[in-house]
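Read the structure below first, then the notes.
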């Protein structure tokens, strides 16, 4: 067996909240064989298996009585290309932002709006990550996953993944599919998405009237760096709450009481609200309780100022959820996976 299994390992370096909890067992899988070895070890020793990537979408509420398997596989390859587009495959353990930059350097467009999102390639399809008008589903071509129930490999095409807003089939079958590698359909011609005002405004400020995908990436990196704290400096998991979808009637009621409410009508008649606006209006922006708090510049982001426990962060999140229900009648859903 090439898999190196360690005991009693701190997970602080492996979650972006910087929560200091221990894993009963810990290993890193660099290839498919080591993934299978981890599954066999889990079964043989009757210990649960928790698979993580960059730990950027994870809230650990206590010590983990499991084998924590960190996906550490690396590799980027073009599997098919012509003069118009290319299919690029990346291993699950590839860090997301460097992968985006690698594709741009290859002259391939499509991922630039997803620049500087933390995490790994393998985790990206699980919640259909998105930003500034682009989601994974818009550039997704396929993925290879291991069925933990049968040990067999399965190929997923776009229609198999049931992608939705921060949602996919993988979130609805937790613990079954272990994503090994993902393929993206990228273009050699720029088809830029500049619908979001801040992106266009930043490009205008830079005096760029004919932006390239690189320009869009740089603009978005600058915007995200200003809005979101660096997890290496201040522990966080990015946006902690999803933007809620509400009925048009509830939106009208809220708007009558709060004319400044931010809402985006959806094709199905619902309205997507800005969770950050709701949290800020409720007075939580900049709130701090010990080392657990809400970021002073971005209400959507919960932060660990140093030694907050996962339970303290979770309790803060639940207090915010309860307050938003009481004030607006809106339920906020947490984005990070809780363990």
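Backbone N, Cα and C atoms are what each Cβ position is placed from, and that goes for glycine too.
Here is what Swiss-Prot says about this protein:
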- 166: active site (ACT_SITE)
- 239: active site, proton donor (ACT_SITE)
- 335: active site (ACT_SITE)
- 19-189: domain 'FAD-binding PCMH-type' (DOMAIN)
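Taking the Cβ of residue 166 (active site) as centre and 10 Å as the limit, one finds 18 other Cβ atoms among all the protein chains shown.
Its Cβ placed at the centre, the residue listed as 'active site, proton donor' has 21 other Cβ atoms within 10 Å. Rounded to a whole number, the distance between the Cα atoms of residue 335 (active site) and residue 166 (active site) is 8 Å. DSSP classifies residue 335 (active site) as coil under the three-state reduction.
It is 7 Å from the Cα atom of residue 335 (active site) to that of residue 239 (active site, proton donor). All protein chains included, residue 335 (active site) registers 19 other Cβ atoms within 10 Å of its own Cβ.
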